[in-house]
Structures are given as C-alpha cells and as structure tokens.
C-alpha cells in the first residue's frame with residue numbers, strides 16, 4: 001500500500017508543479033531568442049547615437065538612423081510574432097505530454113486504487129453517512145441509501161484513497177487561495193472627486209435675499 005501511495009503522491013506533486021514547469025520552459029524559450037536579443041541591442045545602440053547627434057547639423061546621418069530604426073522595429077515585431085507562435089506550439093506540445101504522462105495515468109490510477117484504504121478512524125466519530133463515504137468513496141452516495149453498500153463491522157472505519165485525495169486537494173487549494181490573497185498587491189482606494197458640473201452649479205446659485213428692515 002505504501003508503494004502505491006508514494007506513486008500517487010508523486011503524480012499529485014507533478015500535476016501541481018506542472019504549471020511552474022510550463023512557465024519555466026516558456027521563459028527559457030524567450031530568453032534564448034538570439035536574434036531578438038541582437039535586434040534589441042542594435043536598436044538601443046542607434047537610439048543612444050541619435051541622442052548624441054543633431055538633426056539639423058547631421059541631417060543625413062540622423063535620417064539614415066531613423067530609417068534603420070524603422071527597419072529594426074519591424075524586424076523586432078516579426079521576431080516577437082514568431083516567438084509567440086513558437087511558445088504556442090510549445091504549450092500545445094506540453095499539454096500533450098502532460099496528458100500522456102500525468103493526466104491519463106493519474107486518472108486511471110485513481111479509479112483503479114480509489115477504494116484502497118489509507119488509514120483507520122474510530123467508528124462513531126462521524127455520522128454514519130460520512131463513515132460510509134470514507135470507506136466506500138463517492139459510490140456510497142448512490143448505493144448507501146439502497147443498502148447495497150454498508151459501513152463495515154468493527155471498531156474502526158477505513159478511509160479510502162479517493163476521499164483522502166479529495167480532502168488533500170481541497171486543503172492544498174484552500175492554502176493556495178489564502179497565499180494568493182496574502183501576496184496579492186493591494187488595490188488603492190478610489191479617489192473621490194467632485195463633479196465640476198456640481199461645482200459650477202453651486203457657484204452660480206443666486207444670493208439669498210436678506211430681509212429689509
């Protein structure tokens with residue numbers, strides 16, 4: 001049982017870490033775009049040169065640099081489009097790899113070993129329908145009321161792998177949501193401004209007539 005549990009935990013860790021692996025591979029592909037790096041370096045060099053020359057005194061050179069900049073900018077945009085297309089192809093390939101190596105085997109393993117007992121709980125600690133759910137999994141919700149599945153005799157109730165995984169994933173998801181809420185950037189409070197129309201109307205209010213003695 002321990003070996004199967006370790007295999008399932010390994011699949012679970014890989015499934016949770018896969019978005020990070022996906023992101024790292026995409027960043028690696030973007031960082032290793034040699035042509036884009038060269039084009040960006042050339043553009044920075046020309047921009048630095050443009051700041052040091054005068055458009056009036058060195059008009060020919062200044063115009064030539066501008067044309068070169070336009071050409072480089074177009075090449076940069078084309079290279080970015082090709083890079084995005086490459087990233088999309090990489091994403092599609094990674095999805096197929098994940099489906100074959102993680103999703104399908106993990107799903108089959110969960111169905112195949114879903115009823116495997118993980119640990120025992122004292123009987124009577126939870127209501128009877130929960131104990132049946134722990135022991136038989138989700139099938140107890142349908143078969144329990146028909147008395148087809150019953151809680152076993154004895155002083156303890158086993159917790160099946162399917163229910164244990166469900167509880168574990170819920171805990172991991174909740175902790176992830178808490179972490180995201182704690183690390184999310186604070187949203188600044190909206191500034192309250194007075195409507196200029198209201199200010200104009202207030203300034204144009206006629207004076208109040210004072211009583212004449």
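Positions of Cβ are set from backbone N, Cα and C atoms, glycine also.
Here's what Swiss-Prot has on this protein:
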- 1-4: topological domain 'Lumenal' (TOPO_DOM)
- 5-25: transmembrane segment (TRANSMEM)
- 26-98: topological domain 'Cytoplasmic' (TOPO_DOM)
- 55-99: coiled coil (COILED)
- 99-119: transmembrane segment (TRANSMEM)
- 120-158: topological domain 'Lumenal' (TOPO_DOM)
- 159-175: transmembrane segment (TRANSMEM)
- 176-213: topological domain 'Cytoplasmic' (TOPO_DOM)
- 193-213: region 'Disordered' (REGION)
Please give the average pLDDT for the topological domain 'Lumenal' (1-4) in this predicted model. 68
Per DSSP, what is the residue tally for the topological domain 'Cytoplasmic' (26-98) in helix, strand and coil? 65 helix, 0 strand, 8 coil
